[in-house]
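Single-structure report; data block below.
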Amino acid sequence: MDKNSVIGLVLIGLIMIVWMQFMAPENKPVPERMTADVTGVEETSAKSGTGSPAVAVSAVPETFGEFSAATEGEEKLLTIDNELFTAVLSSRGATLKSMVLKKHLNANRERFDLIKNSDSGALSLFFQTSDGKNIDTRDLYFEPSDTQKTVSLTGEESYTVTYRLDVAPEKSITIVYTFTGDVYGINYDVQFTGFDGVLPGNEYQLEWDGGLLYSEKNIDDELQNSWASAYMGGSLLKLDASDPSKEYREEQSGVAGWIAVRSKYFVASLIPSSPTDGVYLKGSGKPGEKFEDYTAALKFTLPQNEKTHSESLVLFVGPVDYNVLHSLNVNLEKIMDFGWDWLTRPFAEYIILPIFDLLSKLTSNYGLIIIIFALLIKLVTYPLTMASTKSMKKMAALQPMMKELQEKYKDNPQKMQSELGRIYKEAGVNPLGGCLPVLLQMPLLFAMFYVFRSSIELRQQSFLWAKDLSLPDSILDLGFSIPLYGDHIALFPILMGGAVYLQQKITPTAQSNDQMKAMLYIFPVMMLLFFNNLPAGLGLYYLMFNVFSIAQTFYINKTSSADDLPKISLEKQGQKPQKKKKGGKKQ
């Protein structure tokens with residue numbers, strides 16, 4: 001790594017820290033939504049087992065009106081087992097009560113349930129009746145079309161189950177789920193019959209209620225990467241409950257492409273097939289625990305004078321995997337944070353991830369994939385590195401003349417700058433020639449940081465001593481925390497620090513002052529501190545990038561030189577250039 005790379009990467013570290021700490025958009029709490037939660041009631045039946053407020057018998061008619069009869073019933077569970085997940089549906093609310101992914105384990109390498117609200121379920125229809133009753137369908141019992149308790153699916157096999165709630169003659173709510181054996185997406189259809197004029201403004205909401213359960217060991221990292229969001233008008237609306245003492249709310253009108261709630265590596269999303277009226281997002285911290293709870297809802301309107309109205313959606317609960325999300329063709333991959341949309345995101349989506357996909361077809365070892373990727377990047381950037389090294393070699397060769405010039409014109413800065421420009425021009429040297437190649441690589445380096453920080457492909461992938469390339473490769477837990485360093489010792493950053501030192505040592509430099517000598521030691525230490533708490537995959541990449549840089553520098557030093565510099569002389573102070581007489585004699 002040359003000196004300009006040193007400066008560039010120092011800037012990368014500083015900008016990343018500032019960006020992560022201070023540049024996240026602030027979410028301001030907004031007023032309560034018009035639909036208030038049902039409160040102040042007592043639990044009445046042990047078999048209801050709800051996370052939503054249950055109601056005392058005497059309060060049922062007052063609370064639920066014509067829906068009162070549906071508040072009593074027997075909960076019937078249905079387990080759907082396909083190649084990717086095991087889901088549990090409940091007839092109480094016709095909701096999703098459990099979702100366990102088969103290909104992704106938690107930090108203890110165990111299967112885990114993504115649904116936080118496992119008692120009440122995650123999905124609900126929420127509306128207010130004309131007589132002022134607030135209805136959450138998770139408080140109501142539906143009748144399932146199938147009495148099976150378990151259904152297994154593989155390949156393209158599909159299964160449909162219908163949940164029906166009869167409110168009155170010719171007045172009902174029907175919810176239909178359709179599962180397929182080899183996909184994460186679940187078709188979700190809701191149908192209202194006889195509800196025209198029953199709801200104020202004919203409005204209702206379809207909600208995902210509750211954040212996803214965390215799966216990672218580093219809870220602070222989970223908190224940083226958890227939020228609710230909506231995709232509207234080609235832009236991402238994001239609500240992050242960053243302050244646990246506040247409750248955040250956001251409502252917007254308009255057509256939404258989707259709503260979603262995510263953790264670091266997993267996401268739950270509702271994707272409508274017809275235009276919506278708006279979205280509602282809510283987020284807050286959980287008292288006494290490190291968890292951010294979120295609600296995301298789509299707003300719909302029942303058309304007037306329409307006896308039966310249906311909405312079709314896709315429910316997606318699965319990994320934050322770029323290829324999986326992109327395959328849905330609804331821009332759900334926009335939920336992935338790749339930094340600036342105008343700079344680093346194109347590098348991530350169109351260069352880094354496609355190369356990773358290609359390499360993953362050659363080997364399933366992601367440690368090897370990272371090493372090969374680092375080698376490819378060095379080969380691609382070789383012309384830039386060569387240009388940078390040659391420029392610095394020329395600058396180094398000019399140093400004696402630069403020092404002489406500075407001494408000669410120390411009292412005449414204007415003349416000194418003029419002479420510097422002349423010398424650079426005659427030598428064919430651009431003072432910025434060493435910096436420009438590094439600056440051109442900055443977007444790629446930034447994009448690498450974001451991809452390696454968020455890529456689920458590295459999660460729980462081991463390499464050498466690193467048990468998980470998405471976590472620091474800790475070889476020793478200290479039991480206490482060192483400021484700026486952390487509570488553990490990671491090996492890749494130590495090796496990388498050594499490689500950075502060696503790379504600086506063998507790289508030609510145009511300066512040999514004490515400050516640059518100090519950087520030989522300061523920068524490796526800075527890199528050690530910065531990378532100790534970053535994913536091992538990122539540390540491995542930069543380690544190998546520097547190892548290949550060392551080999552590349554040895555080769556360039558051996559095959560190139562600054563001997564082709566033209567002969568350049570300094571003007572003697574106070575002496576004008578001499579003219580020649582005719583005949584070749586000097587005047």
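Keep in mind that glycine also has a Cβ here, set from the backbone N, Cα and C atoms.
Swiss-Prot has this to say about the protein:
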TRANSMEM  5-25  transmembrane segment
TRANSMEM  338-358  transmembrane segment
TRANSMEM  367-387  transmembrane segment
TRANSMEM  432-452  transmembrane segment
TRANSMEM  482-502  transmembrane segment
TRANSMEM  520-540  transmembrane segment
REGION    567-587  region 'Disordered'
COMPBIAS  577-587  compositional bias 'Basic residues'
Message = Looking only at the recorded stretches 338-358, 367-387, 482-502, which one has the largest tally of CB-CB distances under 8 Å to the transmembrane segment (520-540)?
response = 482-502
Request  = Would you mind listing the long-range same-chain contacts of the transmembrane segment (338-358), meaning Cβ under 8 Å and 6+ residues beyond its ends?
outcome  = 322-323, 369, 373, 376, 443-444, 446-451, 454-455, 457
Query = Restricting to the same chain and to residues at least six past its boundaries, which positions have a Cβ under 8 Å from a Cβ of the transmembrane segment (367-387)?
reply = 2, 352, 355-356, 359-360, 433, 437-438, 440-441, 444, 461-464, 466, 469, 537, 540-541, 544-545, 548-549, 552, 556, 560
